Amino acid sequence: MCGILAVFGCSDNSQAKRARIVELSRRLRHRGPDWSGLHCHEDCYLAHQRLAIVDPASGDQPLYNQDKTVVVTVNGEIYNHKELRAQLKSHTFRTGSDCEVIAHLYEEHGENFVGMLDGMFSFVLLDTRDKSFIAARDAIGITPLYIGWGLDGSVWFASEMKALSDDCERFTYLLPGHIYSSKQGGLRRWYNPTWYSEQIPSTPYDPLVLRGAFEKAVIKRLMTDVPFGVLLSGGLDSSLVAAVASRHLADAEAACQWGSQLHTFCIGLKGSPDTKAAREVADYLGTRHHEFHFTIQEGIDALEEVIYHIETFDVTTIRASTPMFLMSRKIKSLGVKMVISGEGSDEIFGGYLYFHKAPNKEEFHQETCQKIKALHLYDCLRANKSTSAWGVEARVPFLDKEFINIAMSIDPEWKMIRPDLGRIEKWILRNAFDDEKNPYLPKVS
C-alpha cells in the first residue's frame, strides 16, 4: 500500500505551502517507506509515499502520460494492467508500473475508464491542460481514500485522515465504487453491479464455477516483484487462499524470483487453537510457516498505536486489528512486503453466527449485500491500515470484482444454513473445494 495526498485550488501556492504539503505527506510515510514524490502545478499538488511492489526500480510516483500533461498518484494494484496496455498500443509508457496505465486510459477515454480497472485502488488524477481533476476508489473500498475541504475553498484527498485533520475544516471518506469529478462538480457511482440493487438472484449453484472464479482471483494476486506470503489463521477462508496460492505458485512469475514454496504467517497467544489449526493446514500444504506469539499485555500496550493507525474507535475493529498490526511488524522484519488475506468471505456467504437466524433467503441475501457495502468501514479498513502501518500490502481475493459478481448471483437458498440438509455456514464454499481426488485441505478430524 502507498500513501497519497493531493490538494487542488489552494489560495497560497508559495514555497511555504509546498513545504506544508511535504510535511503532511510524511504523516503517510509508514504506508510507503520506499520513495517520496511530489508534483506541483500552479495551485495543485500531488504527493506520494511509495511502497514498491511492482517494478520497484522505475515505478516511482506520481506517474504521467507521454507528454506529462496528465499526472496521477495511485495507491493500489491494477491486476489487468498488461491487458490494458495491449489495448493502448499507440501510447508510450515510461515505466513498468501497473498503475501507469491509469494516466493513459484517461487520455484515451476521459473520465469513463474506471470500470475497466481490475484491482484494488484509490487514485487522484490531474489534467494540467484545463486543471480539472478526478479521484476514484475501488469497487468495495479495499484501499482507503478521504476527501476534505479547506477554509480557502481548496479540495483535499488523502489515504488517511491524519493528513487532512489539521488543514481541512471538514473531511469524510470517499465512497467505494465512486468517482469525484471537478468538471461535474461532485460524486457519482461508477460501480453498478447487479447485486447492488439487492434484488434476489436465481442463478443455480455450480460448485466448479465458484471454485474456478476464486482460483482466478488468487492467481491474479500473485503478481509481485517482491517477497510475499499468505496470512493463515487456520480458518476456512485463509486456508483456501493458502491452498490455491500454494497450488499455482510454481506457475507464477513470482516463483522465478522467490521460489515455489509458499510462506504462510499466523499469530496468536501461546497455545491458542488458531495457531494449532494454522500449523496443521501449513503442514498439509507444505508451506514455509512462520508462527508468531504475543502476550495480552503486549496487545494492550499496542492499543494506542493501533488506534492511531486504523483511525477508528470501533471496538470490534480495534480488537481484530491488534494481532494483525503486531504480526505485520514481524512480517516486515522478515523482508516481506505483500500478503494475501481472506477478508470478505463471511460477508459474501453469510458466515457470521447470526445468519443462522435468517428467516428466509430474501433477508439472507439483503443482509449479505449490506455487509459487503459496509466492508470499507470495518474489515477492509482493518486489513489495509493495520498492515500498512508497517509498510506491508494486503490483497484480498474474496473481494475480487468478478468473484463477487459470480458469488452474489447464486440463488441465496444455497447459502442458507440448513442443518436438516447438513449445510453449515459457508457450506456453498466448502462444497466447491471438496475434491475427493485432489483435496485442497486436510479432513477435519
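Just so you know, glycine gets a Cβ as well, placed from its N, Cα and C.
TrEMBL entries are annotated by machine, without manual review.
What TrEMBL says about this one:
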DOMAIN    2-185  domain 'Glutamine amidotransferase type-2'
ACT_SITE  Cys2  active site, for GATase activity
BINDING   Asp98  L-glutamine binding site
BINDING   Leu231, Ile267, Ser341, Gly342  ATP binding site
SITE      Glu343  site 'Important for beta-aspartyl-AMP intermediate formation'
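Annotated features, which come from TrEMBL, shown on the structure.
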| residue | record | Cβ within 10 Å |
| --- | --- | --- |
| Cys2 | active site, for GATase activity | 27 |
| Asp98 | L-glutamine binding site | 25 |
| Leu231 | ATP binding site | 25 |
| Ile267 | ATP binding site | 24 |
| Ser341 | ATP binding site | 25 |
| Gly342 | ATP binding site | 23 |
| Glu343 | site 'Important for beta-aspartyl-AMP intermediate formation' | 25 |
Nearest-integer angstrom distance between the alpha carbons (Cα) of Gly342 (ATP binding site) and the residue listed as 'L-glutamine binding site': 23
If I take the Cα of Cys2 (active site, for GATase activity) as reference, which of the recorded positions Asp98, Leu231, Ser341, Glu343 has the closest Cα? Asp98
How many Å separate the Cα atoms of Ser341 (ATP binding site) and Asp98 (L-glutamine binding site)? 21
For Glu343 (site 'Important for beta-aspartyl-AMP intermediate formation') and Leu231 (ATP binding site), what Cα-Cα distance in Å is obtained after rounding to a whole number? 10
Using the recorded ATP site (Leu231, Ile267, Ser341, Gly342) as reference, state which further residues of the same chain have their Cβ within 8 Å of the centre of those residues' Cβ atoms, listed in sequence order. Val230, Leu232, Ser233, Ser238, Phe265, Cys266, Met324, Met327, Val339, Ala394
Roughly how many angstrom lie between the C-alpha atoms of the residue listed as 'L-glutamine binding site' and Leu231 (ATP binding site)? 24
